[in-house]
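*Asks:* Pasting in a structure now, in structure tokens, and then I'll have a few things to ask.
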Ligand code: AMP
Ligand code: ZN
């Protein structure tokens, strides 16, 4: 029996405002789509928080035994300044300022994004499609929406007709907004004279002569609207209806509201069953954002090279800091909070390492099975990582008491404790054992150093400098490292 059959997972669905029992469309399989980054600059720590939040979701679903298809896009076209329907494309603007090709901008920041997420030990998604790779599909879906009468063409651009859609559907159901309350934005109105109504949004935009990122379409040489790419890529890889759609809280409106409208207009089906929104990371009480400069870059955390920080922190400590908050709560970043997280993380790891040589007895004072279920209960309650971490610290307390032989545990319970700690710390929370990582890293360095000495010894022998070659061999033996000369060269073993 798969774990998901034994555990009842509840997910807070942003569209209902309630925690709902999770039931995927296809038993045992989950389709999840998360809005990816717009790759026009380095990801900041706030962006990372959202992707770490969904990495936790991905990891837990996998841990429960679901076969998960996780699609996270790369926005490499169509996302204009100010999230609006006019203005310069963010990528094109960066390309113009740096005097490079837009695709060089995309490449540079996609690589940065991947490197940083890997440092945080995020698992890669199953599919990572790009907007520019799906222009044809975007054109096709625009045709469908036009055919159904929910969009209109104006001067080579195509707009979604929000008022028309709202006659038979509920535009605003995700964000809780009412169409009549959406006060027209006059600044937008003047720039958007092609629109029938200011609430309408672009599905296709005719490119101005200076707009370099452009593709041919039945309406004009232009580019797709930002909201459309996610509708196209989610439905292409997950189906017209799929299980989970996630993104940062700031994407709820208009981005996700528009995705629902596009999906419903094109297919008549409601595309998403569970909407999940991750909350913001703040710095000095304000949202971290690329545009305002109020942000910290992940590399600055690792090196400590930022005026907000006293010192550097390991990526896993930063991850632990973020997982100590619920993904739906706002989290404020500070040096003090990071120091506290580092302390907590080290305490957790020390206890985990102590598990290796705990004394066992005939009886257990610690009900491990019951505690294990509490760990699951925490995660089943809408991925409540801070409660899970509190449970892990409950185990830390017990481990320390057992270590001092003031309490006992059976060998069988100890095995279950070890497995559960390892499952939740590494597999589910995705934390990394720094001691082990250092060991591995150290091992690599040591291996490289011995190889270097083998080379120097071979050179000494070739020069008939036997005093040096023997010295290298003998002193390595004293250090517990044996060299063995064979016909394929010299190998070594370490005691
Ligand atoms: P962007 O590259 O701006 O499209 O953002 C990528 C993702 O990061 C989106 O899901 C945003 O909602 C999310 N995001 C942006 N700023 C923050 C923040 N300060 N805290 C958490 N997530 C954020
Ligand atoms: Zn999106």
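Glycine is treated like the rest: Cβ placed from N, Cα and C.
Annotations for this protein, taken from TrEMBL, read as follows:
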| type | residues | note |
| --- | --- | --- |
| BINDING | 35, 230, 255, 259 | Zn(2+) binding site |
| MOTIF | 37-47 | motif ''HIGH' region' |
| MOTIF | 287-291 | motif ''KMSKS' region' |
| BINDING | 290 | ATP binding site |
| DOMAIN | 374-439 | domain 'Cysteinyl-tRNA synthetase class Ia DALR' |
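I'm curious about the neighbourhood of these features; can you describe it?
*Replies:* In sequence order, 33, 35, 73, 255, 259 constitute the residues six or more apart from residue 230 (Zn(2+) binding site) in its chain with CB-CB distances below 8 Å. Taken residue by residue with DSSP, residue 230 (Zn(2+) binding site) is part of a helix.
Within the chain carrying the motif ''HIGH' region' (37-47), a Cβ under 8 angstroms from the stretch's Cβ atoms is held by residues 74-76, 79, 90-91, 93-94, 105-106, 108-110, 112-113, 116-117, 248, 280-282, 287-290, 295-298, 301, 318, 333, all 6 or more beyond its ends.
Non-local neighbours of the motif ''KMSKS' region' (287-291) in the same chain are 41, 44-46, 250, 280-281, 333; each lies 6+ residues outside the stretch with a CB under 8 Å from one of its CB atoms.
Sequence-distant neighbours of residue 290 (ATP binding site) (same chain, six or more apart, CB under 8 Å from its CB) are 41, 44, listed in sequence order.
Across the domain 'Cysteinyl-tRNA synthetase class Ia DALR' (374-439), DSSP assigns 50 helix, 1 strand, 15 coil.
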*Asks:* Do you know the mean pLDDT across the domain 'Cysteinyl-tRNA synthetase class Ia DALR' (374-439)?
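*Replies:* Mean pLDDT across the domain 'Cysteinyl-tRNA synthetase class Ia DALR' (374-439) comes out at 95.
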*Asks:* Check the DSSP secondary structure of residue 259 (Zn(2+) binding site), expressed as helix, strand or coil.
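*Replies:* Where residue 259 (Zn(2+) binding site) sits, the three-state DSSP reduction gives helix.
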*Asks:* Report the DSSP secondary-structure composition of the motif ''KMSKS' region' (287-291) as helix, strand and coil residue counts.
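*Replies:* DSSP composition of the motif ''KMSKS' region' (287-291): 0 helix, 1 strand, 4 coil.
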*Asks:* Can you list which of the binding-site residues 35, 230, 290 have their Cβ under 6 Å from some atom of ligand 2?
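*Replies:* What lies within reach of ligand 2, judged by Cβ under 6 Å, is 35, 230.
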*Asks:* Determine which residues of the same chain, besides 35, 230, 255, 259, have their CB within 8 A of the center of the CB atoms at the recorded Zn(2+) site, and list them by sequence.
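*Replies:* Output for this site, in sequence order: 226, 227, 229, 231, 245, 247, 251, 256, 258.
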*Asks:* Ligand 1 is in the model; which of the binding-site residues 35, 230, 255, 259 have a C-beta less than 6 angstroms from one of its atoms?
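*Replies:* Going through 35, 230, 255, 259 in sequence order, those close to ligand 1 turn out to be 35.
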*Asks:* Suppose we draw a 10 Å sphere around the Cβ of residue 255 (Zn(2+) binding site). How many other Cβ atoms does it contain, all chains included?
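*Replies:* Its Cβ shell of radius 10 Å holds 20 other Cβ atoms.
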